[in-house]
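For 23-288, the entry in TrEMBL reads domain 'NADH:quinone oxidoreductase/Mrp antiporter transmembrane'. According to TrEMBL, the transmembrane segment annotation covers 59-80, 92-115, 153-171, 178-197, 203-222, 234-254, 274-294, 323-343. For 290-343, the entry in TrEMBL reads domain 'NADH dehydrogenase subunit 2 C-terminal'.
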Amino acid sequence: MNPYALSMLMSSLAMGTIITLSSSHWFLAWMGLEINTLAIIPLMTKMHHPRATESATKYFLTQATASALLLFSAAMNAWVTGEWTIMNMNSYTPTTILTIALAIKLGIAPFHLWLPDVLQGLDMMTCLILSTWQKLAPMALLILTNYQLNANLLTLMALASAIIGGWGALNQTQMRKIMAYSSIAHLGWMTLVVSFAPGLALLNLTIYLMMTSSMFMMLMTLNATNMNKLSISWLKTPTLAASMMAGLLSLGGLPPLSGFLPKWLILQEMTKHHLGVLSTVMALSALLSLFFYLRLSYMISMTSPPNISNANLTWRKKNNPSLINPILVVLSTMLMPITPMLLM
């Protein structure tokens, strides 16, 4: 892609998110989300492949539907209350429509079906943007309006997301689809706690962004798009394979890695609100996710491909040293010691 066009699209992505984050008026927030959507579609179609075009079309249709619902809920609320401010959503119907609109934007179950298909048709860099940066604006609106939204509906969607995110990835072999279901499961945890402790949802989002970014960057370095390619990754870059194994276990939420921190704090918050059954179901759904992360870790670290050719082992890759990936790996695996500071 032309560097000038790329810089313009990336600037538009940043501007759309910043407009939504800094707005207090529904129309401005909607405008930021629209700029975000329109800026990423050319990035999706830059591969000139039928799958990429299909992904861009699916993404555009779902996001347009969500934006229309969001604007409709804001207009209905303005009709009832006479105000367009984000912090003044008091009517039942507009808040329910808004909850559904934000769920479609984020890919929370049962409105999750577009996310795995869209990610599967894109290159890794666009997948990274879609799984991280594109979640910021809708998540900010969800956190801003948390006390006005339908808490029962949010809890049901969170439970469905955690279960579907774990269940859906069990029979997947494509890394992009696995990361999509991982995103759905993590969004379920954020949605669950957003009504009770928005600060915890923000912490979970931050750790999720770090873990997902490091995972996608490692997949880009290894050029691995499916599980078979992961099994030869230790031949190419042993250090990166070990880092990826730690990153996957962190995504699964194993202690003492960073991914365990938000799950532990969220379950603690749920039990404080006497939601023991809900906490148990969420913890069991985390085991589903942990199974496929463990399977990937096993493939990276303990399997070797059958070598039937006369060629020598794969050459070690000489990567250009970049500080971003090691920093993200460290942050996504070693944040547990800051727990006492967070609890303060």
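Each residue, glycine too, has its Cβ placed from N, Cα and C.
Note: TrEMBL annotation is automatic and uncurated.
Non-local neighbours of the transmembrane segment (323-343) in the same chain are 203, 207, 210-211, 213-215, 217-218, 221, 243, 246-247, 250, 255-261, 264-265; each lies 6+ residues outside the stretch with a CB under 8 Å from one of its CB atoms.
Averaged across the domain 'NADH dehydrogenase subunit 2 C-terminal' (290-343), pLDDT in this predicted model comes to 75. Below 8 angstroms of C-beta separation, residues 96, 99, 103, 108-110, 112, 116, 177-178, 181-192, 194-195, 278, 281-282, 285-289, 291-292 of the same chain, each at least six residues beyond the ends of the transmembrane segment (153-171), sit close to that stretch.
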